[in-house]
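Visitor: Take a look at the following structure, please.
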Amino acid sequence: MWTLVGWTILVAGLVAGIRCPDDQVCPVACCPDSGGASYSCCDPGVDLRTTALSGYLGRPCQSPANCPIGHSCVLTAAGTAACCPFSQAMACGDGHHCCPYGFHCSTDGGTCIQRPDIHLLGAVQCPGGEFECPDSSTCCHMLDGSWGCCPMPQASCCEDRVHCCPHGASCDLVHIRCVTALGSHPLTTKLPAQRTNYTGAEGTPVVSPGLLPAALPTSVICPDSRSQCPDDTTCCLLASGEYGCCPMPNAICCSDHLHCCPQDTVCDLRQSRCLSQNKAKTLLTKLPSWTVWDVECDQEVSCPEGQTCCRLQSGKWGCCPFPKAVCCEDHVHCCPEGFRCHTEKDTCEQGLLQVPWAQKTPAQPSRPSQPSPPGPPGPPSPPGPLRSEISCDEVVSCAPGNICCRLASGEWGCCPSSEGYLCMAGERCQVGDRLAPEKMAAHLMSLSQTTDVGCDQHASCPVGQTCCPKLGGGWACCQLPHAVCCEDGQHCCPAGYTCNVKARSCEKAADGAHLAAPLAVGSTGGVMDVACGDRHFCHDEQTCCRDSRGGWACCPFHQGVCCKDQRHCCPAGFHCESQGTRCVHKKSLLHWDSLPRPAAPRPRL
């Protein structure tokens, strides 16, 4: 315990400062170092507290499901919500930082401050005195009867004992919303309260393991294993083939792939109602889901979003349950970002703050055809190798359980990734301090193509390319395997596509179920669901299209695409082929500008 020196001098000389016994001057107080032989300047109002670095607020959110694993969705002083890199946290007044539960923000928001007994000055005491919540929060009962913390002052506790709403708002548990006179917004989920005076061994302040960023978010993983919905919602398949979120648990997904109904009700699409034995309710509209993007460790294994890839003692990849984590030297444990591993105490340390470290779990094989993170859409890739092969480029690949590495010659080689080997310069692979034998040579994707592709007795193209006849005679090499040569003699398309010379694109035709549909005559008599104009109507789930006579016609697809010939239409997500008789999926379109141009062939020896 530090002893403060010169309090009487402090009162009399705030401007001049404090002169310590060793003649140095301190602005507030002098504190003797261990042993008492020397002194250091200190501030008793700050130095007797545990401090930790605050976190930066991230992207906007509506619920914890919008944030990476281990993050929380906190309400800011501006009334908005943002992701904080702590599982339970509060936003700082500066609007840019946040602190973990059990801490206060410093004035500038850059530091999180905690008293040694973890009993916060200004913390909200729950009835009974056994539990407390952070300042500017509200105590609410949880499902198990214990106390939880709503991260808003004077909040309204919802009857389900799971959610809460801001002061003055009412809970709409049917639609999972907080309703005010100005509008509505999603319900907030309560957090468990913390026991008062919680301390670790020898009085060392710690953070409860339940409050670590390793805590899983409250979310529902959809059947495709890559989309997720907020807690207390239901995944429903949309017409696009992706998953949407119905805003209630155990909901009924309607057959139109657009609406949903509460549990124990039936969808009545004709009347747009949810029917039950007692009463009918209006159909609910589904909301988009959020996609979970895996963290790739290498070409074969990955970790869930919000986790970090770390090497295990076996050399294989493991997953640390923190984002941007610190991998400990024992290859078994890991710590949150900003902490260091203390192997003797089995803890993670940041200044005076200590938290238990986490144990890594083995990484999982990457899911096939995993989508890329959001970004500008590029052209679909040409057909690749079988999923069991590890593709190095369009021509060569490695066997399963390997990674592609460049040899000294510039050619491809293979290292055994299943044993944790990494690529090294030259002819070797390495894992830790252990070298592997020489790299194995990669093999061609098609083992039968061991020589150039012969166009005729005079010309040939490299392996993995296709011979195409030129318009003026002779041959050109299409830089795609098994390609389709276009009739203009200048372009080519990947296998499975057809050439649309007029549109300068490669198109993949839809199956028979997506042939363009002829337009039907609209009705002028009865009152139907979709109004076209000029007193013309189409049935519900149909689309109004102009016909060739300038009048209205009905497309049998919901949100259909009207073809330019004014006689046909296509489903949503497709576009009409130039002649209007077929529908082409938008994702099955390759513009010629995005494809390699045919090159000159090689003379045969």
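Even glycines carry a Cβ here, placed using N, Cα and C.
Found this in Swiss-Prot, in case it helps:
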COMPBIAS  368-385  compositional bias 'Pro residues'
DISULFID  Cys126-Cys139  disulfide bond
DISULFID  Cys133-Cys149  disulfide bond
DISULFID  Cys297-Cys309  disulfide bond
DISULFID  Cys303-Cys319  disulfide bond
DISULFID  Cys310-Cys327  disulfide bond
DISULFID  Cys320-Cys334  disulfide bond
DISULFID  Cys328-Cys341  disulfide bond
DISULFID  Cys335-Cys348  disulfide bond
DISULFID  Cys392-Cys404  disulfide bond
DISULFID  Cys398-Cys414  disulfide bond
CARBOHYD  Asn197  N-linked glycosylation site
REGION    359-386  region 'Disordered'
SIGNAL    1-17  signal peptide
Visitor: What count of other C-beta atoms do you get within 10 angstroms of the C-beta of Cys297 (disulfide bond), across all chains shown?
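Guide: Cys297 (disulfide bond): 21 neighbouring Cβ atoms within 10 Å.
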Visitor: Nearest by CA distance to Cys139 (disulfide bond): which of the disulfide-bonded residues is it, out of Cys149, Cys327, Cys335, Cys414?
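Guide: Closest candidate to Cys139 (disulfide bond), judged by Cα separation, is Cys149.
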Visitor: Fill in the CA-CA distance, Cys327 (disulfide bond) to Cys335 (disulfide bond), as an integer in Å.
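Guide: Computed Cα spacing between Cys327 (disulfide bond) and Cys335 (disulfide bond) is 7 Å.
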Visitor: How many other Cβ atoms are found within 10 Å of the Cβ atom of Cys335 (disulfide bond), counting all protein chains shown?
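Guide: Taking every protein chain into account, the count is 23.
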Visitor: Near Cys133 (disulfide bond) in space, meaning Cα within 10 angstroms, which of the disulfide-bonded residues do we find among Cys126, Cys297, Cys320, Cys328, Cys414?
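Guide: The disulfide-bonded residues passing the 10 Å Cα test are Cys126.
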Visitor: Cα within 10 Å of Cys319 (disulfide bond) is the criterion; apply it to the disulfide-bonded residues Cys309, Cys328, Cys335, Cys341, Cys414 and give the hits in sequence order.
Guide: Cys309
Visitor: Any idea which of the disulfide-bonded residues Cys327, Cys328 has the thinnest Cβ neighbourhood at 10 Å?
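Guide: Relative to the other disulfide-bonded residues in Cys327, Cys328, Cys327 has the fewest Cβ atoms within 10 Å.
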Visitor: Return only the integer: C-alpha distance in Å from Cys297 (disulfide bond) to Cys404 (disulfide bond).
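Guide: A Cα-Cα distance of 14 Å.
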Visitor: Would you count the other CB atoms within 10 A of the CB of Cys126 (disulfide bond), including those on all shown protein chains?
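Guide: I get 21 for this one.
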Visitor: Hey, what's the Cβ neighbour count for Cys149 (disulfide bond) at 10 Å?
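Guide: Within a 10 Å radius of the Cβ of Cys149 (disulfide bond) lie 26 other Cβ atoms.
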Visitor: Could you check which of these disulfide-bonded residues, Cys126, Cys328, Cys335, Cys341, Cys404, sit within 10 Å of Cys149 (disulfide bond), going Cα to Cα?
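Guide: Those close enough are Cys126.
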Visitor: Want to know which disulfide-bonded residues, from Cys310, Cys334, Cys414, are within 10 Å of Cys328 (disulfide bond) at Cα; which are they?
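Guide: The disulfide-bonded residues passing the 10 Å Cα test are Cys310, Cys334.
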Visitor: Where's the emptiest Cβ shell within 10 Å among the disulfide-bonded residues Cys133, Cys334, Cys341?
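Guide: Each of the disulfide-bonded residues Cys133, Cys334, Cys341 was scored; lowest Cβ tally within 10 Å is Cys341.
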Visitor: Across all chains shown, how many C-beta atoms besides its own are within 10 angstroms of the C-beta of Cys404 (disulfide bond)?
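Guide: Taking all protein chains shown, Cys404 (disulfide bond) has 20 Cβ neighbours within 10 Å.
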Visitor: Neighbour count, 10 Å Cβ-Cβ cut-off, for Cys310 (disulfide bond): what number do you get?
Guide: 22
